[in-house]
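Taken from TrEMBL, the feature domain 'PLAT' applies to 3-115. Here TrEMBL flags Trp100 as site 'Essential for stabilizing binding to COTL1'. The domain 'Lipoxygenase' feature in TrEMBL is assigned to 188-625. Residues or ranges marked as Fe cation binding site in TrEMBL: His327, His332, His502.
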Amino acid sequence: MVVTYEVTVYTGDATHSSCFHDVFITLCGEHGDSEENKLSSTFPYFHIDSVNCDKPLGRVCLIILRKEHHVWWPNTKWFLAKVEVKSPLGEIYQFPIYRWINDCEDHYFPEGSGCICCCFSNFFDIFSGSLRWAEGDKGLPSHLKDESLPLDANFSYTKEAEMAFTAVEQWRILAKIFSVFSDYVHDHWKEDSFFGYQFLNGLNPMVIQRCQTLPDNFPVTDKMVFKDGKQSLKEEMKNGNIFLCDYKMLDGVKANIIDGKQQYLVAPLVLLHRTPDDKLMPVAIQLKQTPGKDNPIFLPSDSEWDWLLAKTFVKNADFNLHELSVHLLRTHLLAEVFSVALLRNLPMMHPLYKLLVPHTRYTEMINFMARKYLISEEGFASSGGEGMFTILQRALSSVTYRSLCLPDDLSDRGLMDVPNFFYRDDGLKLWSIINSFVQRVLTFYYKSDKMVKEDQTLKMWISDIHAHGFNNNIKHMPSKMETVDELVKFVTMVIFTCSAQHSAINTGQYDFIGWMPNTPVSLERPPPSRKGNATEATLLDTFPAINTTVQGMAAVWLLSKRSSDSVYLGNYPEQRFVEDTPLQEIKRFKEQLKKLSQAINERNKHLDLPYTYLDPKVVENSVSL
């Protein structure tokens, strides 16, 4: 008796993904295994073949694939998308794979309807054997060991070519780079209202907090900020109208030396007041943490150049804290920890793997490039070199689990009712949509808290994050999952960090930094120690040298340049889920994101400066830039 199974092999549509070698397949079922069968030696987008067995196999649980090289054909890699097996009774078993194969080893792939309670340890095919942690420099989070970077983590040919072209073009068309900065930023950078606006909706909305009590080291008085005597700081703080930006993390940081010239970096305190027309206006700036005669408190009533110079030092401090703490650490480095731990510990058919792997795309590769080219001892900003690592170490010690969860973070900073706070408005809606999607998908698989507690691969993932990723440095980060709700919140945080949060603090870099006076990457004169001496020439001499400016602009130009193969939030081009419920939830997720995008676009029509950075249609799935 001969039983025939129909096998359809799908090759990915990426460049150079076809296979020109002999491929062998073995079907493994509940009632036995087939012999190893040779399939066609060439695979276009898809290929249908037959596998004959001497008896029915029952449910096909596993396939074993092996590629064999032709002696006359050099070894080439093959991107295997998925395999479908159709039984004689018409039952279809799906094996989503989406992986490069470039060796002649046996590769084991379980059937796609992954069950939490199944034991995958006998034959799941993940990267755990090849992926290795590398200890982070000077106490920073661990990262993927560079030599263990898997083929699947590499850029596509499209992205690699476009990044190389952009890197070359940014120097060839320097004049163009200088001409495409934001007109709005160019026209309004000196204005106090725009200075205040950027703490809410600029590159770094992560520092500002509602102020209920003035810090002891910031001796601002009523006479300084309310000269008409009609208001008081105590009353305005009670009314929730006073806000503080404190850059104490930068205090004492050793500033960089660029081309033999000392650079300068301060740790300012900024006090802001919400006016009756709902503008956020700066009312006091102290450039260093320790008050004293040589550390005056600058006020809007000071001379134009004193006040503008003080704001310039604040913007430079904000740039350095943003790039290292908010951008590099809290998105890039955290995303890599989540990603490497995921790839090391979760089977391909595990629902958490399927849900999260789209949010790991290119992260290891972009961080590998960042470590090689940007995170260097020299650097191009005020905090390059030793100072950079000091800031990163302090930033890591300040991260808490609540600060990574947007609703908790905004609540803790007292920002839930601040008007015209579009980062909050759009971010909370995105968080809610992601959270609902994650909840509906995970509860399809995890029917009870007990299933969460007993999921051994989940325990391994969380343990790896702690032991090798953060070295237990992040306060209150869950070390284990006890309930479905805890898991849903954690996974929501991971997806939000890798997608929405990175978009919010990365996408607008050239918009706000492209016009250098608005956000200078470095400063070449020390902060003023008294008032009344600043002039326009003082400000110009304080700005970074032209080569430093160009390097900074080139870097943010590259970081703001999207690839044509970008994959945006809600899109799952690799169909890893095979059950109807998660597939329907993905459709629902996309519909909700589309409605949010429409609402954001409608609101932006009425804004002088549209806030677009959390529009789902520009939010990439992963940290890929």
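Just so you know, glycine gets a Cβ as well, placed from its N, Cα and C.
Sequence features annotated in TrEMBL and their locations in the structure.
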residue : record                                            : Cβ contacts under 8 Å, 6 or more apart
Trp100  : site 'Essential for stabilizing binding to COTL1' : Lys77, Trp78, Phe79, Leu80, Leu151, Asp152
His327  : Fe cation binding site                            : His502, Ile505, Asn506
His332  : Fe cation binding site                            : Thr363, Ile366, Asn367, Ala370, His502, Val623
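Report note: the Fe cation site is defined by His327, His332, His502, and the residues of the same chain whose CB lies within 8 Å of the CB centroid of those residues, excluding them, are Val326, Leu328, Arg330, Thr331, Ala335, Gln501, Ile505, Asn506, Val623. Residue counts for the domain 'PLAT' (3-115) under DSSP, helix first, then strand, then coil, are 0 helix, 63 strand, 50 coil. Cβ neighbours within 10 Å of His502 (Fe cation binding site), excluding its own Cβ and spanning all shown chains: 27.
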